[in-house]
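Student: Features from TrEMBL:
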| type | residues | note |
| --- | --- | --- |
| BINDING | B:Leu19, B:Ser20, B:Gly21, B:Gly22, B:Leu23, B:Asp24, B:Ser25, B:Ser26, B:Thr27, B:Cys28, B:Leu29 | ATP binding site |
| BINDING | B:Cys214, B:Cys228, B:Cys231, B:Cys234 | Zn(2+) binding site |
There are 2 protein chains.
Amino acid sequence: MLDDTQANPDPDSAAVVLLSGGLDSSTCLAIALERGFQVHAISFRYGQRNVSELERASTLASSMGAVSHRIIDIDLAQLGGSALVDTSIAVPKSDRVEDIAADIPVTYVPARNTIFLSYALAVAETCQSTDIFIGVNALDYSGYPDCRPSFIAAFEVMARLATKAGVGAESGAAESHGGSRKLRIHTPLIDLTKAQIIAEGLRLGVDYSHTLSCYDPVQSNNSDGQPCGHCDACLLRAKGFAANGISDPAI
Amino acid sequence: MLDDTQANPDPDSAAVVLLSGGLDSSTCLAIALERGFQVHAISFRYGQRNVSELERASTLASSMGAVSHRIIDIDLAQLGGSALVDTSIAVPKSDRVEDIAADIPVTYVPARNTIFLSYALAVAETCQSTDIFIGVNALDYSGYPDCRPSFIAAFEVMARLATKAGVGAESGAAESHGGSRKLRIHTPLIDLTKAQIIAEGLRLGVDYSHTLSCYDPVQSNNSDGQPCGHCDACLLRAKGFAANGISDPAI
């Protein structure tokens, strides 16, 4: 179900790509475009500390060739419970990647990917698309429950029943619609390390100088957010570029 | 999985109830309260024509005894595609309940219940709740894909994997947590007709005069929204009260 090797879509097939403006989702966008999809990119303004990433997302969507880019306002901040949206909880910082905690980090946002994928499903149904791309990967699902392959697989099953296209699937009728595609959640990065993701992005020409991965970027008058260099995201990113033998073009 | 007869919760167990301010969700709220839950009600302002229902929801949550009520702003309107949020699509009207179309109505909002339940999941995780109530019923799931029992069951499976509480469930570890409750999506109305829902609500003392079910209520200077009397929701509601031998107290 999570096999991501299916043949390319028909010309003009639409896909929805979740685009945060970070390294992973930008690579995911490049992969969706390479596979021939007309991409509708969506981003979320959800009270995150890192609002600069939304500007990066707009730049990337436009420069890489997405046919549309929506920024959807959602209010997760009122739910609290995560360092990414609750400024009373500190973002963990370190100089060493080995210090990243093995359990669920405080940067976890309750049900975030469930909500993000639900909006993606709504956009997909509106665009007559049956393909959604999300850039979750192995490094994430060690810590975030809603990045695990089992979660993605369960979401896909649910999503196929949730929409107009899914009506009739219960009785098997959907199978008999000649050539109709079933809804798929594509996770092309799921088994890749950060170094492998960067290598794939470089092959596809992703300009990583426009991406921002930091959980807690430094704002100043003459910049739109510089990476802190010490949060989990910054440490993993630095390690990934180092493994590819190059420096991070965003720093 | 959809069996809704489990024993009452421990004292002070929290539940999240989706409350639109209509007849079904108000009855669902009364059932959750009767079962002994501390109820956190949530409603959505999603660009619907029927904003008056949100005022009704606040009144009902307070008067019926919910411990909290959140109105969450979400922007489904920008997705378009439904008469409930897109004023360029007419709400179907008739004088006869027999005229209600058998296929998916234009009032269907893409992925609406998926998005609603995803927010409920986030609130549940924040409140340390493992119980979510939604008032879908048999009349709905003949037309709306995201009201079907198969959809609800699939959402429940996904939700158990999506949250911190679900970590470890893959390996069966969650089963061994002494006494921990698995996340449940309760659908106490799912097999009831509108007449049976009303009978249950009357037994529980729901004041239906405060509820509003209409898809397209009439706004005027001296009212906060009167039912149109001719949309699918109004026709089904009228039939339900008639079957109970009483007139609708909201008219």
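Cβ from N, Cα, C; glycine included.
Remember, TrEMBL labels are computer predictions, not curated facts.
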Student: On a C-alpha basis, identify the one among B:Leu19, B:Gly21, B:Ser25, B:Leu29 that is nearest to B:Cys214 (Zn(2+) binding site); the candidates are the binding-site residues.
Tutor: B:Gly21
Student: Would you say which of the binding-site residues B:Leu19, B:Cys214, B:Cys234 has the most Cβ atoms within 10 Å of its own Cβ?
Tutor: B:Leu19
Student: Relative to the Cα of B:Cys231 (Zn(2+) binding site), which of the binding-site residues B:Leu19, B:Gly21, B:Leu23, B:Ser25 has the closest Cα?
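Tutor: Closest by Cα distance to B:Cys231 (Zn(2+) binding site) among the binding-site residues B:Leu19, B:Gly21, B:Leu23, B:Ser25: B:Leu23.
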Student: Can you count the other CB atoms that lie within 10 A of the CB of B:Thr27 (ATP binding site)?
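Tutor: Counting Cβ neighbours of B:Thr27 (ATP binding site) within 10 Å gives 27.
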Student: Which state, by DSSP, holds B:Thr27 (ATP binding site): helix, strand or coil?
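Tutor: DSSP assigns B:Thr27 (ATP binding site) to helix.
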Student: Quick one: among the binding-site residues B:Leu29, B:Cys231, which has the most Cβ atoms sitting within 10 Å of its own Cβ?
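Tutor: Within the set of binding-site residues, the most crowded position is B:Leu29.
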Student: Could you name the residues, excluding B:Leu19, B:Ser20, B:Gly21, B:Gly22, B:Leu23, B:Asp24, B:Ser25, B:Ser26, B:Thr27, B:Cys28, B:Leu29, of the same chain that surround the ATP site, i.e. Cβ within 8 Å of the Cβ centre of those residues, in sequence order?
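Tutor: The answer, listed by sequence position, is B:Ala57, B:Leu60, B:Gly135, B:Thr211.
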Student: Using C-alpha positions only, work out which of the binding-site residues B:Gly21, B:Leu23, B:Ser25, B:Thr27, B:Leu29 is nearest to B:Cys234 (Zn(2+) binding site).
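Tutor: Smallest Cα separation from B:Cys234 (Zn(2+) binding site) among B:Gly21, B:Leu23, B:Ser25, B:Thr27, B:Leu29: B:Leu23.
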Student: Is it possible to get the count of other C-beta atoms within 10 angstroms of the C-beta of B:Cys228 (Zn(2+) binding site)?
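Tutor: B:Cys228 (Zn(2+) binding site) is surrounded by 16 other Cβ atoms within 10 Å.
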Student: Ten-angstrom check, please: count other Cβ atoms within 10 Å of the Cβ of B:Leu23 (ATP binding site), all chains counted.
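Tutor: Neighbour count, Cβ to Cβ under the 10 Å cut-off: 26.
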Student: Could you measure between B:Leu29 (ATP binding site) and B:Cys228 (Zn(2+) binding site) for me? Cα positions, answer in whole angstrom.
Tutor: 25
